[in-house]
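Asks: The following block contains the structure, expressed as structure tokens.
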There are 6 protein chains.
Amino acid sequence: MPLFDLSLDQLHEYRPDRAEPGDFRSFWDTTLAEARSHPLDLTLTEHDLHLPLVEAQDLSFNGFGGQRVRGWLLRPRGLAGDLPAVVHYLGYGQGRGEPLDWLAWPAAGFATIVMDTRGQGARGGTAGATGDQAGSDSPHVEGFLTRGVLDPHDYYYRRVFTDAVRAVEVAHALDGVDRSRIAVHGSSQGGAISLAAAALADGVAAAMVDVPFLSHVARAIEVTDTRPYAELLGFVRTHRDRVAQALATISYFDGMTLAAHAHVPALFSVALMDPICPPSTVFAAYNHYAGPKEIDVFPYNEHEGGGTHQSARQVRWLRERFA
Amino acid sequence: MPLFDLSLDQLHEYRPDRAEPGDFRSFWDTTLAEARSHPLDLTLTEHDLHLPLVEAQDLSFNGFGGQRVRGWLLRPRGLAGDLPAVVHYLGYGQGRGEPLDWLAWPAAGFATIVMDTRGQGARGGTAGATGDQAGSDSPHVEGFLTRGVLDPHDYYYRRVFTDAVRAVEVAHALDGVDRSRIAVHGSSQGGAISLAAAALADGVAAAMVDVPFLSHVARAIEVTDTRPYAELLGFVRTHRDRVAQALATISYFDGMTLAAHAHVPALFSVALMDPICPPSTVFAAYNHYAGPKEIDVFPYNEHEGGGTHQSARQVRWLRERFA
Amino acid sequence: MPLFDLSLDQLHEYRPDRAEPGDFRSFWDTTLAEARSHPLDLTLTEHDLHLPLVEAQDLSFNGFGGQRVRGWLLRPRGLAGDLPAVVHYLGYGQGRGEPLDWLAWPAAGFATIVMDTRGQGARGGTAGATGDQAGSDSPHVEGFLTRGVLDPHDYYYRRVFTDAVRAVEVAHALDGVDRSRIAVHGSSQGGAISLAAAALADGVAAAMVDVPFLSHVARAIEVTDTRPYAELLGFVRTHRDRVAQALATISYFDGMTLAAHAHVPALFSVALMDPICPPSTVFAAYNHYAGPKEIDVFPYNEHEGGGTHQSARQVRWLRERFA
Amino acid sequence: MPLFDLSLDQLHEYRPDRAEPGDFRSFWDTTLAEARSHPLDLTLTEHDLHLPLVEAQDLSFNGFGGQRVRGWLLRPRGLAGDLPAVVHYLGYGQGRGEPLDWLAWPAAGFATIVMDTRGQGARGGTAGATGDQAGSDSPHVEGFLTRGVLDPHDYYYRRVFTDAVRAVEVAHALDGVDRSRIAVHGSSQGGAISLAAAALADGVAAAMVDVPFLSHVARAIEVTDTRPYAELLGFVRTHRDRVAQALATISYFDGMTLAAHAHVPALFSVALMDPICPPSTVFAAYNHYAGPKEIDVFPYNEHEGGGTHQSARQVRWLRERFA
Amino acid sequence: MPLFDLSLDQLHEYRPDRAEPGDFRSFWDTTLAEARSHPLDLTLTEHDLHLPLVEAQDLSFNGFGGQRVRGWLLRPRGLAGDLPAVVHYLGYGQGRGEPLDWLAWPAAGFATIVMDTRGQGARGGTAGATGDQAGSDSPHVEGFLTRGVLDPHDYYYRRVFTDAVRAVEVAHALDGVDRSRIAVHGSSQGGAISLAAAALADGVAAAMVDVPFLSHVARAIEVTDTRPYAELLGFVRTHRDRVAQALATISYFDGMTLAAHAHVPALFSVALMDPICPPSTVFAAYNHYAGPKEIDVFPYNEHEGGGTHQSARQVRWLRERFA
Amino acid sequence: MPLFDLSLDQLHEYRPDRAEPGDFRSFWDTTLAEARSHPLDLTLTEHDLHLPLVEAQDLSFNGFGGQRVRGWLLRPRGLAGDLPAVVHYLGYGQGRGEPLDWLAWPAAGFATIVMDTRGQGARGGTAGATGDQAGSDSPHVEGFLTRGVLDPHDYYYRRVFTDAVRAVEVAHALDGVDRSRIAVHGSSQGGAISLAAAALADGVAAAMVDVPFLSHVARAIEVTDTRPYAELLGFVRTHRDRVAQALATISYFDGMTLAAHAHVPALFSVALMDPICPPSTVFAAYNHYAGPKEIDVFPYNEHEGGGTHQSARQVRWLRERFA
């Protein structure tokens, strides 16, 4: 895909109206309070990796609605003192996979939580272990983006973002973790969830947000027709009289609005030829972001963004920040 | 797609082992009894079509788990006496759409129920109105085929087939319907649901099953990689150690087994170049079908099968049968 | 396909030069006079549909050059008085198919003529019954758009539009039809033909024009390369020195020009992501339309436009207008 | 496309039933007699190529129905005595293009006729100059393969093959041509036409038939779904009750049958991975061919077959044969 | 591909900065001097074509690094006096193929050299005979565009352009050639090489440059993602920190810069819908071209540009020029 | 891709003729001796990863022709005693990327060498650092598979396999490595290189070969047309008279033959729906493999094979074997 969105100069200035709902804050306060009415009920089960350097535990806790959410906890062996931690959120369709998929942060000395995205993790080779025990009141396109999209209380990402906040609480509840040094990280859908955690959870000290999904959604469906945004496009093409209702639901979850409520230091990345998460939708979130921030721009890349190149950069950035 | 499956001669003889679970009958007896513990609670609301010939009602009833299922009831105007009825089930992804989408059976003099497939109906232009209020305990591929596929009690089609049986009960509960002349009909996923209704519901007098999906699934994922079977292929590619478990779940829902439990007269159709529902999987059901049966073979067609050509044939077939 | 054409604001103002040939009116007067030199010679043959609500007749008449054109006549049963009528024209490649394909207008109380597009109707499942008995003097790309494109007298759509005018005359010639309430309707190619009939036929009382093809063609081949416009693109790519000649031919058939000659009330529809009939080409016709007019805009849809959703709207619109 | 058809050993033995119509010979005798009732009326117009080595003339003559068929006549300059000649027929969609496209045979010392295929030549860069002045009585798929396919008298290739025979008569009518050394040549559709000319024309001394189309058509539509065979597939998918009628029409034009009526020395070529003209359909013609014959097999090629490599071989083969 | 680049008006004015390296001239002087340190060592071997009008010789000479480069020499037979000559360069991936592929210039009376592009000629049916005996110091994407792209001395096209200059020297060294009438010609990659030869070789009298590749490369990778430019896009997506280095290398080979150093009369062609060599990149070279110039614009064509239509035009243009 | 190759039962018995060249052993002995005439000249440069658990060094050594080959050396920190080692070879097109890409073996306690594949590593996000300093004498398709394919001495994989043997020698030369516990590992092209190292290098104690490429190549190009085998298909389609020569070259490098010369314990994996490296070509190598062996079969997977699932299995397998 060649360049198809705004120019880099325009992107740096691009700050569209957020369409933030008046009750945004109370919606989330109520949602999280309800979730916290269930005990976190963290369980950790040894998972033998046969790795001398890293130990793994199968982790589960109560997320939204008191429903169980699974994940991994990986810890570097042999490091002294309380460890800093990273909570890692996953891309669309991915599951927690194998511990071997997530060795970078433990190798860098971080206790690492990898959180399943409920219901996801059944393709692409990375198996999930968490169902979405809640149904939805309205029909939806195959996929997760339009589940319950006609009502913010019924919307799928209300459950996922709540799970994400609780996963930060899990990090705080772990032995051997330094609670002042907990970061969140993710790419694409994982970037969206990271933004949500940075905005909604307490005790997050840094956020790394790569090519985030679910940001400036009303524009996204006008400039791209790739999956997963195409799911929403499919919905509004079929439910022609429910477009405003669907977009109103999403406004509680849009990265632009969440960004405006996040205050921790953040490192974003964006790719200027990204047809999955178009750069204008990423900059829309970045330019609204309320905390200290940097963004790495990859001018020729598509949705792969900075790849492992960016991972190495993030290790350096986070270690400096947490030094 | 050129010919890719067995020859027509082989197809007529093809009768693979059904792998029917020992508790198949009791599984369904228990499932349906549970559903019937909820009252049917049928509601009908006038829907003004502005059509002098056909009247429509927005229909809803309690399906699986007592959850509301929506649909349409269409009736021809001006015909005397109790009407025969057709319960129509939908293809994958479709919703009940507009009453205008379903005029053939009413024009042919049948009271017509169009049942939403829970959760579906958000793309392809035919909007549904029914959510799937139940979640699933395990992760799944985008789509519906692998929802809850690790446990037959949790499986999506347990809910759908139960809804389908209850939709037949709705037909029996309607005023002005001749209960001895109730037929079921559907194509693709709708064909699978029709087979299920023919096998599991009481008071079905005829079944029309076009290019049915969800039949001989273990073979389907070896001979085709098109959607929706590709969803299951995605699952077994990722959950490499859960293949047997997934196939065991599906064996409670496989068209081959359901066919062996159905005894009403049936008219099938099949297309020999169908890459979505390969002909060997259709004949696997047809050859196991336990009632009087005919099959119309379209040697050059793909999944469109007989199209409206077959609809005209079905009108004649059913009117003769119900004369 | 994401948004790729003018913005909605620009579309409402878009009124390009029509390039109307000086002899446009006389070209058509002569053409129609020649056609009328042949008797209409309408024949109707009973076609047993087995439908208690609708009766069908196989219809044929003399179109351009006195050549036979086939179609269906469908009539609702049991309605008193002279009926209003709709003449329905088909999309590219479609044939008249089965009467079951066209039940909406009869169910709405309209005598309905479905006219074959000569030569078309051999794919897509809707069989035609009408050949194009005229050849063309020049080579053409596979398809119909470039047949005879080097001379307006030889051009394929000269024959089709003439057939369309004669089909309106058929409606006037039918028993039991109220000649003051005859409408034309079609989508895509059918929309183009409807525009032509509204402009060129006498006794049309309303026009419904969905996502029309063959409008502002000179722009169409610059902004889209999808079929059928791609046929013309193929032609001008090969006959590099005949571009002006081909566009001059088409100017006698362009929807913009026809629109400027039509005066009956019209209901248009357009889809802003339509890659087949781009929105600027539709608005070019709409903004030139000379009669009372409305347009329904579908902001996210592609060429499916409003689908059955729009059909329901059209039934209401036309019944109000003909009440 | 990997290997998908019979093995080479099987191909050499493959000799399916020809399904030759009983009146095959009389059908063609009558057809050609009718054509010959029109004078050939050959015209040649100088076309200045600015080439010192080759001179070109724009050629036209009366083909089927006395309709004008265009082409090129190219002659090498400066060679003494009567020249041998090649009549060259074109691939599907091609037109006669520019004289520069056809320099190989003139450079090899042959007077060369390139015959337009009526109606074709509007894409792919090689412009034709010949319309198909005859229409067809039945609808057809976009393209030429199904024009008039419901009746052999109305079928498009009846006209084309008749034109081809007349083009051989043109070669005989030319000054400076040695009538005992006239060959026919073509690839794909041109191969089919060459076979027809070899079978039906008088005074052909050799035939070169590359990867011929329109042979063993009943099998072709079962083993490939590529264009142009896909046009017929589209037709039989739509006109489900006209399959036998369409295949009966084509049996008068099938390369297998024509091959059995051809007796001049022939050089065929075939490519084993050809998805356009599958090798079994080519060998079906070759194995039925009634004259002296050779076939060059390209085991890894697709429809490009032997390309210019084969052209060089044909120059050697034909020069030896005509030495 | 519809129009996607600048408008024709804009194109005529488009003259971007060339980013010409300061040592451009000395880079090439040194490069060519080094090449000329090897004797040309021309060899010609008879190749029997069996063509009375054209004779062919298998040609080889020392190109860059004294490495052997192969090609064809074709000569018209029977023309008196010294002949004008054309050196023809090939498109990406092509090899010299068969002499039969290159008959137009000989038929037009020109001695014709067809030069292999080292390493290329192994697909697309036109076999090459020349390896690239030099390796590269850096990794590269499959293909030729990024070979050695991190250093101008190591870059693949340094070798190719040097070969091209030496091929002009071959033309000068041939018996029977009029050294004052030597032209260069090529399309796409061949157009790029022609530009290079026009700029860098002595004794070129005219250049024909069709839809040239490798021009204004920095823009090309922003407006198209088709091959071969996609190879460079792949490189900069992976070697994210080497973008400037890669573009700096290419600046020694960019058509814009070469054009500014060429002074002989030139005939360009460009196609406005060309997705392979976008029109703005072609006009960038054309508008910088320093000699007398014309450009033929094909408004609807893609990369095929003017095809044989343009070949006929070039024959006329060059014969007039060399008359 | 559905199942397209032999059945699993057939695969277990599939043992085609190897077509081993008579001088296979001496060809490789001579090749390796020549390489060893250059000193290994290993250099290691610290590369600061900022990872407390793993240290990395930028590694280079003299491979084929004494040319420098780059790679990474990763070592787990804090483990006592000499470490076992893995030499890891890369898939087609990949480069050594970032150390973060290769953490599994170090985390499992192995010194790990990742060897660049010369010339590769410029797309797909994993950058290489090694050029292929040798050219080839013959033209080739874009890519690496056909470089020098007309002569085994000139063939690209002669250089790569030699580099691979030298990389094993590097492992033996490292401090802190237990020379009795050195394994080789790779997937796809990396699997082919691993097989070569197992067959040709001294001092390999175990081999892990995932879905290997370059095995039973003569069959591969008949059953698949995907990249990279498609490169060879492109070559033989163009160089129609060089097929035997190309296949004779490859016989020195074919996995089947190499397998017959390897004697160390091996763990293979294969995927039955793999269109890149078809299962029959993998089993051809496995069934000829001369040492103790196991194979993991993934019945539904494509070329991703066992993915990280298999990595976890390999860690266990190798640790047991090296315990």
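All residue numbers here begin at 1 and follow the chain in the order shown.
Even glycines carry a Cβ here, placed using N, Cα and C.
Features from TrEMBL:
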- D:Ser188: active site, nucleophile (ACT_SITE)
- D:Asp274: active site, charge relay system (ACT_SITE)
- D:His303: active site, charge relay system (ACT_SITE)
- D:Tyr92: substrate binding site (BINDING)
- D:1-319: domain 'Acetyl xylan esterase' (DOMAIN)
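Locate each feature and note its surroundings.
Replies: Look at D:Ser188 (active site, nucleophile): DSSP puts it in coil.
A simple way to gauge crowding: the CB of D:Asp274 (active site, charge relay system) has 24 other CB atoms within 10 angstroms, across all the protein chains here.
Long-range Cβ neighbours of D:His303 (active site, charge relay system) (same chain, at least 6 residues apart, Cβ-Cβ under 8 Å): D:Ser188, D:Val211, D:Ala271, D:Asp274, D:Pro275, D:Ile276, D:Cys277.
DSSP assigns D:Tyr92 (substrate binding site) to coil in the three-state reduction, outside any helix or strand. The number of other CB atoms found within 10 A of the CB of D:Tyr92 (substrate binding site), across every protein chain shown, is 22.
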Asks: Going by DSSP, give the three-state secondary structure for D:His303 (active site, charge relay system).
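Replies: In the DSSP reduction, D:His303 (active site, charge relay system) maps to coil.
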Asks: Mean pLDDT for the domain 'Acetyl xylan esterase' (D:1-319), as a whole number?
Replies: 97
Asks: For D:Asp274 (active site, charge relay system), which of the three DSSP-derived states applies: helix, strand, or coil?
Replies: coil
Asks: Around the C-beta of D:Ser188 (active site, nucleophile), how many further C-beta atoms are within 10 angstroms, looking at every protein chain?
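Replies: For D:Ser188 (active site, nucleophile), the 10 Å Cβ neighbour count is 24.
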